[in-house]
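Annotated in Swiss-Prot:
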type	residues	note
BINDING	ASN200, ASN202, HIS203, SER204, HIS270, MET272, ASN279, LYS341	ATP binding site
BINDING	ASP339	Mg(2+) binding site
DOMAIN	193-445	domain 'Protein kinase'
MOD_RES	MET1	N-acetylmethionine
MOD_RES	THR173	phosphothreonine
REPEAT	2-30	repeat 'ANK 1'
REPEAT	130-174	repeat 'ANK 5'
MOTIF	363-371	motif 'Nuclear localization signal'
Amino acid sequence: MDDIFTQCREGNAVAVRLWLDNTENDLNQGDDHGFSPLHWACREGRSAVVEMLIMRGARINVMNRGDDTPLHLAASHGHRDIVQKLLQYKADINAVNEHGNVPLHYACFWGQDQVAEDLVANGALVSICNKYGEMPMDKAKAPLRELLRERAEKMGQNLNRIPYKDTFWKGTTRTRPRNGTLNKHSGIDFKQLNFLAKLNENHSGELWKGRWQGNDIVVKVLKVRDWSTRKSRDFNEECPRLRIFSHPNVLPVLGACQSPPAPHPTLITHWMPYGSLYNVLHEGTNFVVDQSQAVKFALDMARGMAFLHTLEPLIPRHALNSRSVMIDEDMTARISMADVKFSFQCPGRMYAPAWVAPEALQKKPEDTNRRSADMWSFAVLLWELVTREVPFADLSNMEIGMKVALEGRPTIPPGISPHVCKLMKICMNEDPAKRPKFDMIVPILEKMQDK
């Protein structure tokens, strides 16, 4: 089978769908030129493939090596329907590439008149200059130039030249495709790992920042008592299910090994510059989480959990809380698979009871509806996002477990958005059977995001 980039170029929708259904495939990877699958589908005008990639979570504003976004390529080649689709999903209409050109520069240069009109109607600036001092209108033939000038004036644009600045891109979420080879290495040679700095140490092990094959990574070295052949076998059998590359809101385990001389099981995952959601909310990062960003994080988490809940069987021993949600460089929240517990790791112990559903504290795991319990955890995360507080911060884990089991609940303070407040209460229904499923709350959060 040809690679995914060829399938996207050729518009082979069936092959692309089969490739996307494999959880070990990363739809945001790049080829040797930094083109993502979405870049190629937009360049070649493959509308069905573009739709499929966007629906599965392809990054809209991803850049290739020349800083072109998919919108640059669709505009250059006159694929009007794809341009409109990208704009519908909030593509950056004035994104600049390495030459300082925005998509409108290319639509004008290549005579894509309808695309140019659509771009201006949606806010593309007609007088923004590239590195060479040229505006998009300078690239257009006379009739189109006059039409765009007239349209821009009607929309209230200032037609004075806007000089090029290196900072045009700041404040936008620009990312590059990920290394497409990382998902090919399930088994990793411990000797290839370069440990740079210890980030944390707790009951479950050590967390390190490291480098592997030229990539920044996080290395998690697990603490396990009485390591045995059976535990080694369980580790090797359970790891592959954590290599989920196919969803943008799930952070996969890249690979695993057992480190010498003492066999410490070791997991490797992507480096996340902002750390966890807990770090962002409670540990004084420079990241500002306003109402809009809080809803975005909630939507990201709901989408990730909706996907995980489609897996059969469910990933066992996964606990949803703000320490197990990581924040990517483009401010995307991702459910971390490296935080899933293995069968040999302290069965029965609860390390974050503040986020655990009361029935999960009172019953055995096999007697608990995991999907409903996860929805309770999500409700606590909503509370955390809007209050910026740690739930039950003044209590010990044992006290928290007792309190939640005995109907102690986080208090919803006044001033919270009524929409968020209502959603929180629905998700935290005392009757697990009455809590919604994640695929039911995703559309609600999408509407809240659009307001």
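Keep in mind that glycine also has a Cβ here, set from the backbone N, Cα and C atoms.
For ASN200 (ATP binding site), other Cβ atoms within 10 Å of its Cβ number 12.
Within the set of binding-site residues (ASN202, SER204), the lowest number of other Cβ atoms found within 10 Å of a Cβ is recorded at ASN202.
When averaged over the repeat 'ANK 5' (130-174), pLDDT in the model lands at 86. All protein chains included, HIS203 (ATP binding site) registers 9 other Cβ atoms within 10 Å of its own Cβ. Across the fold, the C-alpha of SER204 (ATP binding site) and the C-alpha of the residue listed as 'Mg(2+) binding site' stand 10 Å from each other. MET272 (ATP binding site) and ASP339 (Mg(2+) binding site) have their C-alpha atoms 14 Å apart, to the nearest angstrom. With a threshold of 8 Å between CB atoms, the same-chain residues lying at least 6 positions outside the motif 'Nuclear localization signal' (363-371) that come near it are 309, 314, 316-317, 357, 432-433, 437-438. With helix defined as DSSP H, G or I and strand as E or B, the repeat 'ANK 5' (130-174) counts 17 helix, 1 strand, 27 coil.
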